Amino acid sequence: MERNLKNVLVISFGFLLLFTAYGGLQSLQSSLHSEEGLGVASLSVVYAALILSSMFLPPILIKKVGCKWTIAGSMCCYIAFSLGNFYASWYTLIPTSVILGLGGAPLWSAKCTYLTIAGNSYAEKAGKNGKDIINQYFGVFFLIFQSSGIWGNLISSLIFSQASNKAEISEENLACCGAYDCVTDTTNTTSSAEPCNSLIYTLLGIYTVSGVLAVLLIVIFLDQIKPDQAETEKEILETPSFCSMFLAAFQHLKDKRQCLLIPLTMYSGFEQGFLSGDYTKMYVTCALGIHYVGYVMICFSSVNSLCSLLFGKISQFTGRKLLFALAAVTNTACIIALLLWKPHPKQLAMFFVFPALWGLCDAIWQTQTNGLYGILFEKHKEAAFANYRLWESFGFVIAFGYSTKLQVYIKLYILLSVLVLSMVTYGAVEYLEAKSSPGTPTATKKENVGPLTEETDT
């Protein structure tokens, strides 16, 4: 096997093992640690720390210790989060959430840097186009990585389905599920379906071992970047200082279209936060039990992946406006239905219909919003995508932050309001684009914005 391809596979399976653990654990946080909202608070802290981390840590760590050891060290931050869940309290889970958030940005940045260097190295030796090889390597990576959402949730559901204390949930408790949840009874309602500690520890043990195996895979089998690749590495890692990066991102807000896209970008964080934080807890765990959370999230992940591939291909025929309209209408229908629906175990199919439709919508929000940023801000992609990651993460922080303070129906109204605002401001962006001269993006008229290192969220 060609050496660079071997390294790509090592990184891909390392991330698969790591995010099999983290992805499954993230879906369960609101259900496992519902008391005083500890679970969703920890997720809010993760994304807040991620925002800070992405501003300055990646280039510093990669330059000091290299890509291989940055990846290995950052993975250890995820293991710390798994360990924090063994004895979950405000004194263990919040600090480990901060550690995870700080390690998230360097992990993804080092992965991108390593794959880019490997692609350029092989292309130079084989006399091929560097961009083509890099795209192939990233394709291999995401093909393997994306399945982590399925495996992590499948493991949790299989383990929790072994619980011997799966008692029938009373009609009185079922009345507290859904949009008009009983705030004072929420803890009691969800805890009635909680598995025993031995199963929780078994799951956490499997997740922790999975993370440790990911680190060992990287440490033992991933090659370090060779000296003859140093020049390529230097080019990739030549990034501005923290201040210039920070200023460049906010300087990009001078562009009206960027400001108008903030609600749409934040909505992406809001809607993902609602599904993983509120739907899993107050609909699935409350009415069916925690052992169904994994199956429901597998449904979401599967539909999301398939639709991402589908919409990425058909967007050239339908155009982005039609797809955005489809997502807006479908998401609106789901929100209204969730406001009216009283979840009950007898309506089992309904628990899967909503995440399936949500996955369809999320696929459009992710693929088309990213594509929109790339098209509108072709001259300033780095600054534009820095804003994308900033505002999406900010949406996550807010969604998880108010999760324990408000009833579900209020959160659904907030979600619907942000969606409506997003579509209004998105329409304004399309209007501005229609007014601009064909073939002359308005981005070229803007002032030059300094480059930023590209990083990816967890």
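Here the Cβ of each residue, glycine as well, is placed from N, Cα and C on the backbone.
As annotated by TrEMBL, transmembrane segment applies to 39-57 (among others).
Feature annotation from TrEMBL assigns transmembrane segment to 69-88 (among others).
Marked as transmembrane segment by TrEMBL: 94-117 (among others).
As annotated by TrEMBL, transmembrane segment applies to 137-160 (among others). Sequence-distant contacts of the transmembrane segment (137-160), counting only residues of its own chain at least 6 positions beyond either end whose CB sits under 8 Å from a CB of the stretch, comprise 4-5, 8-9, 11-13, 15-16, 18-25, 27-28, 111, 115, 118-119, 195, 199, 202-203, 206-207, 289-295, 297-298, 301-302, 305.
Annotated transmembrane segment per TrEMBL: 199-222 (among others), in sequence order. Long-range contacts of the transmembrane segment (199-222) within the same chain: residues 6-7, 10-11, 13-18, 20-22, 24-25, 32, 68, 71-72, 75-76, 78-79, 82-83, 85-86, 152, 155-156, 159-160, 162-163, each at least 6 residues beyond the stretch ends and with a Cβ under 8 Å from a Cβ of the stretch.
Marked as transmembrane segment by TrEMBL: 289-311 (among others).
What TrEMBL lists as transmembrane segment is 323-341 (among others).
Feature annotation from TrEMBL assigns transmembrane segment to 410-429 (among others). Only residues 6 or more beyond the boundaries of the transmembrane segment (410-429), in the same chain, are considered here, and those with a CB under 8 A from a CB of the stretch are 179, 257, 260-264, 266-267, 270-271, 274, 278, 324, 328, 331-332, 335-336, 338-339, 372, 376, 399, 402-403.
According to TrEMBL, the feature region 'Disordered' maps to 437-458.
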Per the 3+ Cβ pairs under 8 Å rule, pairs at least 6 apart in sequence, do the transmembrane segment (94-117) and the transmembrane segment (69-88) touch?
yes
Six or more residues out from either end of the transmembrane segment (69-88), which same-chain residues have a Cβ under 8 Å from its Cβ atoms?
11, 14, 18, 21-22, 25, 32-33, 38, 46, 58, 61-62, 95-97, 99-100, 102-104, 106-107, 109-111, 114, 201, 204, 207-208, 211-212, 214-215, 218-219, 222
Which sequence-distant residues neighbour the transmembrane segment (289-311)? Criterion: at least 6 residues beyond either end, Cβ under 8 Å.
24, 27-28, 31-32, 146, 149-150, 152-158, 160-161, 163, 166, 169, 193-195, 275-276, 279-280, 323, 351-352, 355-356, 358-360, 362-364, 366-368
